[in-house]
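According to Swiss-Prot, the protein carries these features:
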| type | residues | note |
| --- | --- | --- |
| DOMAIN | 19-453 | domain 'CN hydrolase' |
| ACT_SITE | Glu63 | active site, proton acceptor |
| ACT_SITE | Lys136 | active site, proton donor |
| ACT_SITE | Cys187 | active site, nucleophile |
Amino acid sequence: MLIDAIHGAKMSTKLLVSLKVLVIQLNPQIGQVDQTIKRTWSILDKVTKSATYVKPDIILFPEFALTGYSFHARKDILPYVTKKDEGPSFELAKSISEKFQCYTIIGYPEDDDEQKLYNSALVVNPQGEQIFNYRKTFLYDTEMNWDCEENPEGFQTFPMDFSKCAKLSNEDSYNRDVTLKASIGICMDLSPYKFMAPFNHFEFSSFCVDNNVELILCPMAWLNSTSITDKQTLHNNSLLEAAKNKIAFALKEQGLPLAGSQGIYQLKIGDSQRTPRVPSDDSTSEYKDMDEPDMSNVNYWILRFFPFLYFKSRINWFKNSSLIESILGKTRMPLDHEYYKDGKHKEDTIDLLDSEEVIKDTVLEKTFLGTSLGQPWKFQGKNAILVLANRCGTEDGTTIFAGSSGIYKFNGKKPKGSQDDDESSLDSLNESVELLGNLGKGLEGAILREVQFEVFR
């Protein structure tokens, strides 16, 4: 039987991994690249002078970290697009990686050799070399304005090598090297495709579970819900003006200019303060308390990683024969995505059919809502680290970004004392996700955490 095949897996060794992760939160404004770079170095200088500073292994920046985000036409963004191995974003990442001997991941607007434009994130290794470039797979409405292209590859994984960051459980120090499987998701990648795909497809997080991703890195420009996104309002001058006045008043109440806060830094460096768990029903999206995270969005981000969360009802799905149909009918990407328009999927299919592991790869490793044919919760007993770098500030007087950058650990555990009839919370109350710390919604700054987790080799 197919389900029995999974039990033929080889025995694996558990490694304990320790990484120092630094997240930078910025408020970049269009036309202010140099100023944003200057503030970045100012933040990094303050980070290194902290009494609790430790050298980071990874530094993650937001989506479009230096350029600003709200471009309304192709001609508006063209002065800021660059090739993947040149330009201000690459040069900054290269300098940071060489200085700190770490990986740097930064979001930027890309112009490829065929003059196609992408919303991308580049990865620079500790030697200052660009080793991976990811292009956003699911696009937000704003990107349509400047002819952004979908990533024809779809979601991807890539290896990240870390020196002396791992050990066996019976060893005292982290003296082993480890290669982690990583994946990047840029903002809208976390949401349903075009906001029209079924909510419970959880495309990106399902991809990560299916492919045993251990390190999930998300540069973002995610909005606070007080932003003006309603198309009827945006296309009605009187409604738009009233809505913009409301935002301006909210900013004034917080003592902020129309662009939001810049140059006032919130630093959470090396402490162990975790983000308090707040149920979805109690979280507010009001734009106040700039040094506190937007828990409404934090809870939503956690929900979008549902396949990583403990959920008791999975045992019932596992017993249901319709699970097989759901898994076998699952496509790699939504069928109207660019992935299916250039023949790439046909190449992938040929490669798959040539593999001796075709049954395991196509069936046993696939999940629906986190459930596979081999086990009710495929992620059970595993660990993964999620790092979200979101920008803050305001653009156009209409768009407020949610900030709240943070670091999370999915521990793969059923909550202690949980009974079979207990309901599973699908927000920050779910104990299978650990909130290792968040920045506030409205301030630039940095958060540095040492994260410890298990991987199997």
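Yeah, the Cβs are placed from backbone N, Cα and C, and that goes for glycine too.
In sequence order, Glu63, Lys136, Tyr140, Cys218, Pro219, Met220, Ala221, Trp222 constitute the residues six or more apart from Cys187 (active site, nucleophile) in its chain with CB-CB distances below 8 Å. When pLDDT values are averaged over the domain 'CN hydrolase' (19-453), the model yields 93.
Comparing Cβ neighbour counts within 10 Å across the active-site residues Glu63, Lys136, the minimum falls on Lys136.
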